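> What TrEMBL shows for this protein is this:
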- 26-52: transmembrane segment (TRANSMEM)
- 43-294: domain 'G-protein coupled receptors family 1 profile' (DOMAIN)
- 64-91: transmembrane segment (TRANSMEM)
- 103-122: transmembrane segment (TRANSMEM)
- 143-163: transmembrane segment (TRANSMEM)
- 199-231: transmembrane segment (TRANSMEM)
- 243-267: transmembrane segment (TRANSMEM)
- 273-294: transmembrane segment (TRANSMEM)
Amino acid sequence: MSPISILNVSSSRFILTGFPGLEVHYLWISIPFSSIYAMVFLGNCMVLHVIWTEPSLHQPMFYFLAMLALTDLCMGLSTMYTVLGVLWGIIREISLDSCIAQSYFIHGLSFMESSVLLAMAFDRYIAICNPLRYSSILTNDKIMKIGVTILCRSSLLIPPVIIRLKFLNYCHPHILSHSFCLHQDLIRMACSDIRFNSIYGLALVISNLLLDAVLILISYIMILHAVLAIASREERIKSLQTCVSHICAVSVFYIPIIGLTMVHRFGKHLSPLVHVLMGNIYILFPPLMNPIIYSIKTQQIRRRVQRLFYLKRM
């Protein structure tokens, strides 16, 4: 019996999509996914623990890194139940209310990560272009205000478009494209007027993700201009090396978003498996890679992590 006949279109429950055509291999597929979620949890918790317990890391750069790790941790937790639940055969469907709540957290955390990356770019700009005033500009009070602004920006702008999902009429087959809920997936199944969701959603993307990306790019243009003005080649390299981790974090965040957008917009003829893979990369790649990037590329974090493991072996 097909999923469409199992779930009537007037129902308020939606079918989660795992990996189409690979259902018999779900148990094997669940092993790498379980490992990835474990690494996301342990990696980001380790970064938070190191920053929390090491007084020398109580600096603006690492406060922002802690915000990034906390955001990545929450992103992993927001999808773990449905993704692993589908692979383990625990769940097959999700209610409309749960789907709306999950989409709120996924999109809100994406906007939050974008905002944190922008704040980290501002931190690098001040550190390189105005180093003498770094500590006076980025005080603990300023960092707290930036953190509150990021939280408000990412959590208070989304509810209008998310709440409206509750009042749409879903007359198309209730089959999601992924094993988690996205706003664009839900409005695709609606037969009500979705102009508000489409326009407001586009405005959110432009005013958050796109604007943040443009501001990050501008900050690096200004950083590059300042670095090229440094006479010493060694000092230029040293200054740029402090930005490598952040540039990698920006890349692992924005490249999957661009890829998923292109697949949703132009890849309607592609296999559903491609959509599922891109969706999972978008959700899991940044939370998985960021702790690895900062543990390898940031000397202070690397040393504390090595010392942490050394103490555990003793």
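In case you wondered, yes, glycine gets a Cβ from its N, Cα and C as well.
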> Need a quick answer: max count of Cβ pairs under 8 Å to the transmembrane segment (26-52), which of 103-122, 143-163, 199-231, 243-267, 273-294 is it?
273-294
> Have the transmembrane segment (199-231) and the transmembrane segment (273-294) got at least three CB pairs under 8 Å, pairs 6 or more apart in sequence?
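Counting Cβ pairs under 8 Å, fewer than 3, so no.
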> Which of 103-122, 143-163, 273-294 has the most Cβ pairs closer than 8 Å to the transmembrane segment (64-91)?
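So the stretch in question is 103-122.
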